[in-house]
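**Q** Please see the structure below; I have some questions.
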Amino acid sequence: MLSQNHLHVSLLYIVLLTGTKYGCGGGGCGACTVMVSKYDQLNNRVLHYTVNACLQPICTLHGAAVVTVEGIGSTKTKLHPVQERIAKAHGSQCGFCTPGMVMSMYTLLRNKPHPTMEDIREALGGNLCRCTGYRPIIDGFKTFCDVSNAFNLFPQASCLIQSTCLLTKMHMFSLLITSKHISEELFHMDNVLPLDPSQDLIFPPELMKRACGSLCFQGDRLKLISPVDLTNLLELKTEYPEAPVVVGNTTIAGPNMQVKGVHHPLTIYAGRVSDLHTVTWGKDGRFRSVFIVRSLKELFSFSEMEAERTRGYQALLQTLRCLAGKQIRNMAVKNGTRAITLNEELFTGFGKTVLRPDEVLLSIDIPYSKPWEFVSAFRQAQRREFAFSIVNAGMKVLFREGTNIVESLNIYYGGVGPTLVKVGRTCQKLVGRSWGEELLADACRLLEEEVELSDSAHGGKVEYRKTLTTSFFFKFYMQVLQELRERVHIQDSALKPFKNEVPQGHHSFQLVSNAQSSQDPVGHPMMHQAAFHQATGEAQYYDDIPAVQGELFVYMVTSTRAHAKIINIDPSEALGMTGVVTFLSAGDVPGQNRRMLFNNPEELFAEEEVSCVGQIIGAVVAESREQARRAAQMVKVTYQDLLPVFFTIEEAIQHQSFFDPKRKLERGDMDKAFETVDQILEDEIYLGGQEHFYMETQGLIAVPKGENGELELFVASQHSAYTQEVVGITLGIDSNKITCHVRRLGGAFGGKVMKIASLSAITATAAVKTGRPVRCVLERGDDMLITSGRHPFLGKYKVGYNNDGTIMAADITYYSNGGCTLNESLAVTLLHMDNGYKIPNLRGRGLVCKTYLPSYTAFRGFGGPQGLMVMESVLHEVAVKCGLPPQKVREINMYREEECYTHYKQLFSPRDMLRCWDECLDKAGYHDRLQAIQQFNTSNRWKKRGISAVPMKFGVGFSKGFFNQGAALVNIYKDGSVLVAHGGTEMGQGINTKALQIASHILKVPMSSIHIKETCTGNVPNAAPSAASFGTDAVGMAVKDACEKLMRRLKPFMENHPKYTWQQWVINQHPPDYNKVNMMGPHTDMDWENSEGPAYYYFTFGACCSEVEIDCLTGDHKNLRTDIVMDVGRSLNPAIDIGQIEGGFVQGIGLYTIEELQFSLEGVLMTRGPSQYKIPALCDVPPQFNVHLLANAQNPHAIYRSKGIGEPPVFLASTIFFAIKEAVAAARRERGLGDSFPLSSPATAERIRMACEDQFTEMAPSPEKGTFKPWSINI
């Protein structure tokens, strides 16, 4: 009997196998990847393939073996080489995605012990990582490749890599590129475990027995029947015509049931029906199968048939390679024996066909292509891989033999209607015509007329989708024309699709001094201290903690209206459901339901009215997660809508709806400056918001202790002290009775500072009311809805400049969409607005718009990426107006004096920023590549390239000094071991690893003798948040100070007994107190009234250069190369710092080019999961990704002259945006259009394509505002 709605592999949590992570519930992230092995009776072999555990009902695995990350190795027994190498290569930061990465690579090696780089790229295509930037993961895994594959990007080393083993060759290569003081070796593979397939787990022999008959699994709400043959399957379909048939469970019973709440009382599992797994090739070359997609590559590559006869197969394969990730393709299938033509009539709607309820799809019949037949497929998505198509197309033309006369033509489109669209009238009118320019012109006109797409069509992007229909046909026309002309040269840049590659690159950092002890870890690229545990799945996150006896689950009830009065809340139906214990609302809060935050009120539960969709109104507490989720949907809330309701920045400006304080910074005489300049420019730029998409969703466990009102929280928080404070206020108890424990976070990026405190207070209220432990785990969609993310911005500016590009005055107003409460929305953007430029007259105004959306909050960089981006837009547009290279205008306006002052009068030296800039341009070969790009653009009409470089000055620390404090507790035990506890939170940034390095350096004991304890408010109270790139600075200095004080107490005894060991010194030293707490904090205090003050502790500098290539016909782009030079002072750990730079940069790629939040007209967030919201995947990282740490850099203000590096790199990805803008400008110049044009961020495929105006975009003009109802709004 099944006790729940759906039983998945993730139920292995019951037996404490927690390495398989729950990240999204929809197969969209790969965190839950496991390997499934099945015995193929027909071919007498064992099949190994990856699946998403979150989609796989456990009852469908009868007869299969499932291997999780725990099954291949552990730190207690022996690591598997995959686990060891990803850890040693620094491929694990927060670690939440690491087990999934490991299992994808492990499965690949089970099938192919000597993979190619392309094999690795394909294997990891369904795994997302939000921390690393992917490059170090590839670095670890490529060591399993053959030499020729691993070194395909390093031809200069080929003379060295002839005959020795790969690992030895890698070491030799590192020597080749290492100078006396600079190293490029972040890790080495000496003494790593070899891959030995003979040591892999064997397939259980008992599972090789012939399959038994039909199986039936019965639960309280679900029945699943698993037939074993086609006859039985058809009988079931006849008996249960409405029951869905699943094989991979990738849609019907997966996302539909878990994410959308669709319930199917009975499901038929057809995965054991052998008739649906056979493949046949007919004598005429016809291919017949209802195949599982994972076998396509093997099927279509085994034959060496000439390309001319396999055009149809190759077009199909090209499309399916981009379909979802490897895990989903492994399970997805192409869905009596009546023959149905596979055309537009087969599909009646989205996901619907003409199959009768009692029918199943038995086979698909695909013939060979005919001699004069040409077939192509096209698609454009938000991301090249692992994303649904915005528009796709299949086109086939047959010519009269030996001529260019069209005998038949078929064109099909997806994404321009409710189902597949065949443009029959267009095709019919083109039959009998010659394949030439006249046909092309008529075809585009006919397509424009026949493809009907309402301006309010579902999915939006209407003009773009219309443009793609003609652009795709033009690509097809050019491809066919090229083949007809038998490879005679024509302008064919539009024909070559972008090839996805794996990222590799060069890295350099300064070696430590020769005088430093070889045992001293400071300055060395040390592995993340928990990397092995993360790679084996042993690292524990809050939801991995075993269930506490009597544990309950809480699920939030949220508002469905944007602005409304709450008339009534009726939980009666929910309370009557099985397993439901209680319902919570504002009246159940024992302390305060409302608190003040930055002088603005914040409600825990909405009491009288709601101010956004997603605001928490109540919470259901039940015995299980599923019961709580179902019951929450049954709580009835009655509303009375209120006015006004608005969501966008523009509407907030119209309503003058702003939060206080409204801030301003100013220097110079603006009015006088504008009177004397040569030119004045007024413009604006819009920047969209961004979802954190940390791999681990927010949540906690609240455990009441039953004595003195004590409460323990095991919580995913960056600011445990604030969580403790809010819970105390909510419960009306003192903070000393509340203990928050934080072991680690599966990513955070600022999103787990404030919002988690409210969730903790609600969960704690449930625990106190019921007297039982309560667990809260937000599902991905609810996490995105409730917690929100980075603020959207509108920057409006007026700039005065001279004709030589010198900017004399800039007046900038920043409008940010703050949502319905102020939360963390103060206008710190103004502090970043000057970047590295000395503008003598500068004024910035910051206004936080109050709208009826969920409150936006802190996100990596906190206003910096937006403020800096607006200033770079100013520089770029001035360069365009002056007809100068943007790089030259940037150089003209940079700070250059040894002593400079920011616009708020903080003293700094730009020396290292200028060094970063010069080195970056040099290492990138900027000037030579700029010429090569110009030549490329001259030779290619439909593909264009662009290059851009920007400098960066980024303030580190909090502008209020009391936040810039660190706390640490260091205990030395009699056996010589050391325990360190501190107030920081480990979330992948390596704060624990650096703390270990610092303690080891001072105490002069190995890092292996030091242990880092969890972050706990009971050990280190009142700690500051781990944010603002300041965590290591504060905590590191506190650890250093505590260790130094302990060493001073030991010093006299050590000097008297110099030959004693560390343990002897410790055990003989008295007094017995071996610990010390230290707190410190630099002075920062911004005076906003007078526009002055030390806002930051210091500045981190950097420079970046990026090159891109765009497809002018589709808007797709490829990031070709990025070079970064970063000033991190004297790096404590170059491997961690370079990892932070790469990870931040890739997150910035998402911010500036891919990630797009979409809201309905009613203010409902529609992008609520990885299916709709796309973060950068492996295919988005530049294949050449080079990061260099500036040598001989110093920082006297921080621990061992290092610098904070977590936030600054995000902004550097704006180089991708501006390189795209340069490429678009090249396309526009060729068409006689101006270089100055609007381009909002993110520069999505839609925005790129529509900016490349041409004859095809002119066929899809934008409708006038007010004449239609748009599908989504631009907030």
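From the backbone N, Cα and C atoms, a Cβ is placed for every residue, glycine too.
Heads up, here are the entries from TrEMBL:
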SIGNAL    1-25  signal peptide
BINDING   Cys24, Cys29, Cys32, Cys54  [2Fe-2S] cluster 1 binding site
BINDING   Cys94, Cys97, Cys129, Cys131  [2Fe-2S] cluster 2 binding site
BINDING   Val245, Val246, Val247, Gly248, Asn249, Thr250, Thr251, Ile252, Leu361, Arg379  FAD binding site
DOMAIN    376-480  domain 'CO dehydrogenase flavoprotein C-terminal'
DOMAIN    536-643  domain 'Aldehyde oxidase/xanthine dehydrogenase a/b hammerhead'
BINDING   Gln718, Phe749, Arg860, Ala1028  Mo-molybdopterin binding site
BINDING   Phe862  substrate binding site
ACT_SITE  Glu1207  active site, proton acceptor
**Q** How many Å separate the two farthest-apart Cα atoms among the Mo-molybdopterin-binding residues Gln718, Phe749, Arg860, Ala1028?
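**A** Maximum Cα-Cα distance: 12 Å.
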**Q** So, by DSSP, how many helix, strand and coil residues make up the domain 'Aldehyde oxidase/xanthine dehydrogenase a/b hammerhead' (536-643)?
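**A** Its residues fall into 19 helix, 42 strand, 47 coil.
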**Q** Can you name the binding-site residues among Cys32, Val245, Val247, Ala1028 whose CA is within 10 A of the CA of Cys129 ([2Fe-2S] cluster 2 binding site)?
**A** none
**Q** I'm trying to understand the geometry here, so how far is the Cα atom of Glu1207 (active site, proton acceptor) from the Cα atom of Leu361 (FAD binding site), in Å to the nearest whole number?
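**A** That comes out at 52 Å between the alpha carbons.
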**Q** Listing them in sequence order, which of the binding-site residues Cys97, Val247, Arg860 have their Cα within 10 Å of that of Cys32 ([2Fe-2S] cluster 1 binding site)?
**A** Cys97
**Q** What count of other C-beta atoms do you get within 10 angstroms of the C-beta of Cys131 ([2Fe-2S] cluster 2 binding site), across all chains shown?
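**A** A 10 Å sphere around the Cβ of Cys131 ([2Fe-2S] cluster 2 binding site) contains 29 other Cβ atoms.
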**Q** Which of the listed binding-site residues (Cys94, Cys97, Cys129, Val245, Ala1028) has the least company, meaning the fewest other Cβ atoms within 10 Å of its Cβ?
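**A** Looking at the binding-site residues Cys94, Cys97, Cys129, Val245, Ala1028, the Cβ with the fewest others within 10 Å is that of Val245.
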**Q** List the Cα distance (Å, whole number) between Ala1028 (Mo-molybdopterin binding site) and Val245 (FAD binding site).
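**A** One finds 51 Å between the Cα atoms of these residues.
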**Q** What does the DSSP secondary structure composition of the domain 'CO dehydrogenase flavoprotein C-terminal' (376-480) look like, as residue counts for helix, strand and coil?
**A** 40 helix, 30 strand, 35 coil
**Q** Excluding Cys94, Cys97, Cys129, Cys131, which residues of the same chain place their Cβ within 8 Å of the centroid of the Cβ atoms of the recorded [2Fe-2S] cluster 2 site?
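**A** Other same-chain residues near the [2Fe-2S] cluster 2 site: Ser92, Gln93, Gly95, Phe96, Thr98, Arg130, Thr132, Met695, Gly746, Gly747, Gly988, Gly1143.
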**Q** How many neighbouring Cβ atoms, not counting its own, are there within 10 Å of the Cβ of Cys54 ([2Fe-2S] cluster 1 binding site)?
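**A** Here the count is 27.
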**Q** I'd like to know which of the binding-site residues Cys24, Cys29, Cys94, Cys131 sit within 10 A of Phe749 (Mo-molybdopterin binding site) at the Cα level.
**A** Cys131
**Q** Count the Cβ atoms, other than its own, that fall within 10 Å of the Cβ of the residue listed as 'active site, proton acceptor', considering every protein chain shown.
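**A** A 10 Å sphere around the Cβ of the residue listed as 'active site, proton acceptor' contains 25 other Cβ atoms.
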**Q** Please identify which of Cys24, Cys29, Cys32, Leu361 has the densest Cβ environment, defined as other Cβ atoms within 10 Å, among these binding-site residues.
**A** Cys29
**Q** With the cut-off set at 10 Å between Cβ atoms, which of these binding-site residues ends up with the most neighbours? Options: Phe749, Phe862.
**A** Phe749
**Q** Which whole-number value in Å describes the distance between the Cα atoms of Leu361 (FAD binding site) and Cys54 ([2Fe-2S] cluster 1 binding site)?
**A** 26
**Q** Could you tally the C-beta atoms, other than its own, that fall within 10 angstroms of the C-beta of Gln718 (Mo-molybdopterin binding site)?
**A** 25
**Q** Please tell me which one of the binding-site residues listed here (Cys94, Cys97, Cys131, Val245) sits closest to Cys54 ([2Fe-2S] cluster 1 binding site), measuring Cα to Cα?
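**A** Spatially nearest to Cys54 ([2Fe-2S] cluster 1 binding site) by Cα position is Cys97.
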**Q** Give me the Cα-Cα distance between Cys94 ([2Fe-2S] cluster 2 binding site) and Val247 (FAD binding site), rounded to a whole Å.
**A** 33
**Q** Starting from the Cβ centroid of Cys24, Cys29, Cys32, Cys54, the recorded [2Fe-2S] cluster 1 site, name every other residue in that chain with its Cβ within 8 Å, sequence order please.
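**A** Sorted by sequence, the hits are Lys21, Tyr22, Gly23, Gly25, Gly26, Gly27, Gly28, Gly30, Ala31, Asn52, Ala53, Arg780, Pro1170.
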**Q** Between Cys131 ([2Fe-2S] cluster 2 binding site) and Val245 (FAD binding site), how far is it from one CA atom to the other, in Å?
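**A** The separation of the Cα atoms works out to 38 Å.
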